[in-house]
Amino acid sequence: MMNSNASFINHHSFILTGIPGIPDKNPWMAFPLGFLYTLTFLGNGTILAVIKVDQSLHEPMYYFLSILALTDVSLSMSTLPSMLSIFWFNSHEIPFDACITQMFFIHSFGLVESGVLVSMAFDRFVAIRNPLHYASILTYSIIGKIGIAVLTRAVCVVFPVPFLIKRLPFCRSNILSHSYCLHQDIMRLACASTRINSLYGLIVVIFTLGMDALIILFSYMFILKTVLGIASKTERLKALNTCFSHICAVLLFYIPFIGVTMTHRFGKHLSPVVHMLMANIYLLLPPVLNPIVYSVKTKQIRSRIIHMFQRRRNRT
């Protein structure tokens with residue numbers, strides 16, 4: 001399936017890539033990938049369960065964290081079928097429509113995650129800048145509307161992408177560079193001009209992810225200005241500590257995203273293994289590490305998780 005004779009003129013399916021150059025090592029990746037997906041579901045599931053059970057965590061900050069956890073789980077579920085197909089069952093072929101569907105969900109949930117991170121930055125801004133009116137500003141209704149707006153924006157922005165891909169003819173190699181389907185990866189296989197696709201992709205990156213990053217940056221500039229105006233050093237550190245987990249989540253999302261974007265656009269001379277690693281880090285790392293960061297750095301969640309496991313141990 002992976003030889004060059006079978007890699008041309010296939011309008012009905014694509015061939016996903018496991019470990020470039022050493023396909024015989026693919027089965028060895030099954031166990032670490034299974035471990036990462038297990039950590040993702042257990043970590044984010046624990047965060048959701050703790051927030052649901054503990055009434056003291058029913059605050060705007062933790063509702064946004066719940067949305068982030070749900071987004072991470074959804075993003076992982078988007079890549080799970082093709083990952084399992086390759087590394088567990090050694091099946092590399094994916095139907096064209098299934099590939100387009102996976103691409104839609106991966107890019108949609110990626111934009112949702114970016115929007116949620118912006119919402120969490122706004123949450124921290126309000127909590128530090130205007131703590132007395134925090135609960136009255138970020139009501140349940142407002143949080144729900146923000147969540148719907150973030151999801152709607154992502155779906156509307158990504159909705160044209162499948163149609164932009166479907167209009168392209170594919171008469172060259174149908175071997176993709178990754179273990180899942182991305183717009184830029186599918187686009188490069190077309191045997192017609194992809195200028196519209198490239199332009200639309202660039203516009204999306206600049207006016208969604210780029211704008212989100214700028215909003216987060218300006219939010220933290222105002223937050224820092226407010227914190228520096230606090231007289232007590234202890235209170236300043238306490239205020240900054242509430243932002244640490246969110247800053248880590250932002251870095252975990254945007255640094256791999258920038259890395260995979262740069263390798264796609266300017267790293268064509270790099271080894272295929274580098275492209276594979278960057279793409280997998282971009283989608284697998286944040287869902288695994290986000291719940292760990294929030295569990296370690298958020299005292300309320302950490303203490304609740306410890307209490308929950310102590311109760312289970314006492315029962316046994």
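Note that Cβ sites are derived from N, Cα and C of the backbone, with glycine treated the same way.
Unlike curated entries, TrEMBL annotations are predicted automatically.
Annotated domain 'G-protein coupled receptors family 1 profile' per TrEMBL: 43-294, in sequence order.
Look at TrEMBL and you will find 28-51 (among others) tagged as transmembrane segment.
The transmembrane segment annotation in TrEMBL covers 63-88 (among others).
Sequence annotations record features per position, and here TrEMBL assigns transmembrane segment to 100-122 (among others).
If you look up TrEMBL, you'll see 142-165 (among others) marked as transmembrane segment.
A Cβ distance under 8 Å defines the sequence-distant neighbours of the transmembrane segment (199-223), meaning residues of its chain 6+ beyond its ends; these are 111, 114-115, 117-118, 121-122, 124-125, 128-129, 153, 157-158, 160-161, 164, 183-184, 187, 239, 243, 247, 250, 254, 257, 261. The transmembrane segment annotation in TrEMBL covers 199-223 (among others).
Under the heading transmembrane segment, TrEMBL lists 243-262 (among others). Long-range contacts of the transmembrane segment (243-262) within the same chain, counting only residues at least 6 positions beyond its ends with a Cβ under 8 Å from a Cβ of the stretch, are 68, 110, 113-114, 117, 120-121, 124, 128, 205, 209, 213, 216, 220, 223, 278-279, 281-282, 285-286, 289-290, 293-294, 297-298.
Look at TrEMBL and you will find 274-294 (among others) tagged as transmembrane segment.
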Kindly say whether the transmembrane segment (28-51) and the transmembrane segment (142-165) touch, using the definition of 3 or more Cβ pairs under 8 Å where each pair is 6 or more positions apart.
no
Could you pull out which residues elsewhere in the chain have a CB under 8 Å from any CB of the transmembrane segment (142-165), counting only those six or more residues past its ends?
60, 63-64, 67, 100-101, 103-104, 107-109, 111-112, 115-116, 118-119, 122, 183, 186-187, 196-197, 200, 204, 208
So which residues does the transmembrane segment (100-122) touch in its own chain, when a touch means Cβ under 8 Å and the partner is 6 or more beyond its ends?
61, 64-65, 67-68, 71-72, 74-75, 78-79, 81-82, 94, 146-147, 149-151, 153-155, 157-159, 161-162, 165-166, 180-183, 186, 208-209, 212, 215-216, 219-220, 246, 249-250, 253, 257, 283, 286
